[in-house]
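What TrEMBL annotates here:
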type: DOMAIN; residues: 16-264; note: domain 'SMP-30/Gluconolactonase/LRE-like region'
type: BINDING; residues: Glu18, Asn154, Asp204; note: divalent metal cation binding site
type: BINDING; residues: Arg101, Asn103, Glu121; note: substrate binding site
type: ACT_SITE; residues: Asp204; note: active site, proton donor/acceptor
Amino acid sequence: MSSVRIECVAKEGCRIGESPVWDEKEGALLYVDITGRKVCRWSPVTRQAQAIPVDAPVSSVALRKSGDYVITLGTRFAALKWKEELVTTITQVDKDKTNTRFNDGKVDPAGRYFAGTMAEEIRPAVLERHQGSLYTLFPDLSVVKHFDQVDISNGLDWSLDHKTFFYIDSLSYSVDAFDYDLHTGKIGNRRSIYKLEKEESIPDGMCIDTEGKLWVACYDGGRVIRLDPETGKRLQTVKLPVDKTTSCCFGGKDYSEMFVTSASDGMDKEWLSRQPQAGGIFKITGLGVKGVPPYPFAG
């Protein structure tokens, strides 16, 4: 695979870069910096990132059918108007808990926004266990809770036939699958399809390609891995020049480029001096596969 090229495209490091999403209309990459409390948009034309500051940890961003974006902010689902830099709360979750926040989120093929919570971290990947839940924000702005007892709610995506929902609870070190009902948004029959190996470390964000294979960013593993959800086999490993790879998505004109976010939180000076690009956004080309465009929130 000598044709694979990796380039750091946005160098102004995030503390915890996450939730990369390609915005086709803008021809730009959206992503968030969770602890840096900002939503960013990087343009391949200007090669610059614009950032909008927000008032709480912002953990995911998604397109919205009516225009602009939706985000998960603290324990809120919220709307973001980009030009006005205006954030409005849609609804709040985990009202019975004082120490949780949203983590990763993504919109399903029917336009529902799935996102899960976790306890606030004491330090990276160290936190009170079983405090999180998985939620869906429906287009009518109602919320359903699927299950709780989650450690770190993380990567999520759907199979190409929309019959399977893939999900990661990071500290289970597993990529899981559920039966998925596109009509109702219900999930069930949870099973593990891949257990991470020691050097792969912690499974984080995830996306799917047009061949139905999953790509998982490995936090502290410095890589993205390609998995076959049918066989449970790892097909490919792409190593990056930073350890804390957090999430991945496909983008670019034909969705043939992969973008990978990373983090710098929890790294001391010596570690950062070895990995000066920590917290940067990376573009991978030459993978030979394309991705699936993101679905917009229908509400």
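Just so you know, glycine gets a Cβ as well, placed from its N, Cα and C.
Where the annotation comes from TrEMBL, it is an automatic prediction and has not been curated.
Feature annotations (TrEMBL) mapped to structure.
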residue: Glu18; record: divalent metal cation binding site; Cβ within 10 Å: 26
residue: Arg101; record: substrate binding site; Cβ within 10 Å: 22
residue: Asn103; record: substrate binding site; Cβ within 10 Å: 26
residue: Glu121; record: substrate binding site; Cβ within 10 Å: 18
residue: Asn154; record: divalent metal cation binding site; Cβ within 10 Å: 30
residue: Asp204; record: divalent metal cation binding site; Cβ within 10 Å: 29
> Excluding Glu18, Asn154, Asp204, which residues of the same chain place their Cβ within 8 Å of the centroid of the Cβ atoms of the recorded divalent metal cation site?
Replying inline: Ser19, Asn103, Asp104, Ile152, Gly155, Ile168, Ser170, Gly205, Ala217, Tyr219, Thr246, Ser247
> Rounded to an integer, what is the Cα-Cα distance in Å between Asp204 (divalent metal cation binding site) and Asn103 (substrate binding site)?
Replying inline: 10
> Could you give the mean pLDDT over the domain 'SMP-30/Gluconolactonase/LRE-like region' (16-264), rounded to a whole number?
Replying inline: 97
>> In whole Å, how far does the CA atom of Glu121 (substrate binding site) lie from that of Asn154 (divalent metal cation binding site)?
In response: 14
>> Please list, in sequence order, every residue of the chain apart from Arg101, Asn103, Glu121 whose Cβ lies within 8 Å of the Cβ centroid of the substrate site.
In response: Ile34, Pro57, Ser59, Thr100, Phe102, Thr117, Met118, Ala119, Glu120, Leu127, Ile152
>> If I take the alpha carbons of Arg101 (substrate binding site) and Asn154 (divalent metal cation binding site), what is the distance between them in whole Å?
In response: 12
> Rounded to the nearest angstrom, how far is the Cα of Glu18 (divalent metal cation binding site) from the Cα of Asn103 (substrate binding site)?
Replying inline: 9
